[in-house]
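Everything below concerns the one structure shown next.
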Amino acid sequence: MLPPKIFFEKVKEIMWPIERKELKLFIPMALMMLCILFNFGALRSIKDSLVVPSMGAEIISFLKLWLVLPSCVIFTVLYVKLSNNLNFEYIFYIIVGSFLLFFLLFAYIIYPNQDIYHPNDEMINKLIASYPNFKWFIKIGSQWSYALMYIFAELWSAVVINLMFWQFANHIFDTSKAKRFYPVLGMVGNIGLIIAGSVLVFFSSGQDVIDSELLPDSFNSSAGNAIMLQPIMSIIVTAGIIAMLLFRIINRFILTDSINVLDAKKVTAKMKTKLSVIESIKLVIHSKYIGRIALLIICYGLLINIVEGPWKAKIKELHPNTIDYVNFMGRFNIWMGISCVTFMIIGSNILRRLGWLISALLTPIMLSITGLMFFIFIIFIEEIGECFGDFNLLYAAIIVGAIQNILSKSSKYSLFDSTKEMAYIPLSLELRTKGKAAVEVIGTKFGKSLGAFIQSLIFIIIPTATFDSIIIYLLITFIVMMSLWIWNVIKLNKEYVELCK
């Protein structure tokens, strides 16, 4: 048996591998990530609660393919242009500030006056009757402000988290520090999901946080939705401003005198390396290593998109209005945050003790197991119902899907993100900066958009198709892409080990 002092040192090494002298940098970085992930959790729930009850879960595939993906491409071009003329600090303020301004405009101007901006239902119904194959595009046009909010909420994940925050972290941490810092950063940051879920539940439950049945009937109107939405958006904007202030503090007062990180001036100078848009794209295409990182992101995005569509369709059946949907997603966020923090504690030690390959393989393995369970439950729901009698099968299907989502995303946030970010570190600063911009923004959304393309093509050709009717085809696609993901991780590991030598 170990002496108490050594035992507690071992526990500290497992739970908190951050040294005291590193806290000056770690604490503001962790708080910044907490604020950014709080916004991510809240925005993810709000965007779905707006579009799914009003237009149907099938609309998500059209939004991701026809609106989100082009927006990502446009943003990537703008980002490369900005990076050639401004340093990273100012780019961060411009981008995050633009997001926060839009969220305020949506909550206080666009959403409360949506009846003025949106076309009337009679005209929309006539158009759908005349052009049934284009009914989903017509629905997007009928609720265009919701679609715009969906785009900005999706871009928050791709741009502010994957590109801005992690690129900043990659510039100031080397590989050895990343192994200790990244999992713990994620653990602290994911507390933001728990806080976001609690905020959503509070404002969507009227005056009671726990019992959603006390929700007043008046809240089922668009006015009630606005009453719920405005304070949530105000908190989101406040969290964004705090993140910007923390970023300022890190750049101005911490990086300039820290002996544990790269020199801030050198980083800024290198990040302004001139590179055209075409040259950036060529750089990524000609780099096999960057291509493999992109394939990781594409596989994850496609698989999550394939599973989430049928799950969100089931949620709409149980919670057909916006406020009930927000309430459910708030509770989902709470459990997601708890699971993520737990996985972060486990993941931190897996990454440090078992290495990159095992850590990178655990996410596809977790997703394959839970995803197959969900598909089997949906496909054989009638047979399962015969075994359980009067049990609420719709509720059970939603819970199985929620468990799948929570476990697969927890492993993604704790292990996938950390291993993916570590894969960038051995690269040159030029390839890391410009290549990451293209891979993170375009790659992230291309994966989801590829899954969306498969689904939307079916919905266009067969207007009466639903997720229930195409579930078997989604299962086949799921199995093929999962196999490709696992193969790609093994190949990428060989190149990563070589670069780290």
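Note that Cβ sites are derived from N, Cα and C of the backbone, with glycine treated the same way.
What Swiss-Prot lists as transmembrane segment is 23-43, 59-79, 90-110, 146-166, 183-203, 227-247, 293-313, 326-346, 361-381, 387-407, 446-466, 470-490.
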Segment-segment contact (the transmembrane segment (387-407); the transmembrane segment (446-466)) at 3 or more Cβ pairs under 8 Å: no
Range from 23-43, 59-79, 146-166, 326-346, 361-381 with the greatest count of C-beta pairs under 8 A to the transmembrane segment (446-466): 59-79
For the transmembrane segment (23-43), distant same-chain residues with Cβ under 8 A (at least six beyond the ends): 152-153, 156-157, 160-161, 165, 169, 172, 181, 184-186, 188-193, 195-197, 199-200, 232, 235-236, 239-240, 242-243, 246-247, 249-250, 254-255, 258, 260-261, 333, 336-337
Contact check, the transmembrane segment (293-313) vs the transmembrane segment (361-381), 3+ Cβ pairs under 8 Å, seq sep 6+: yes
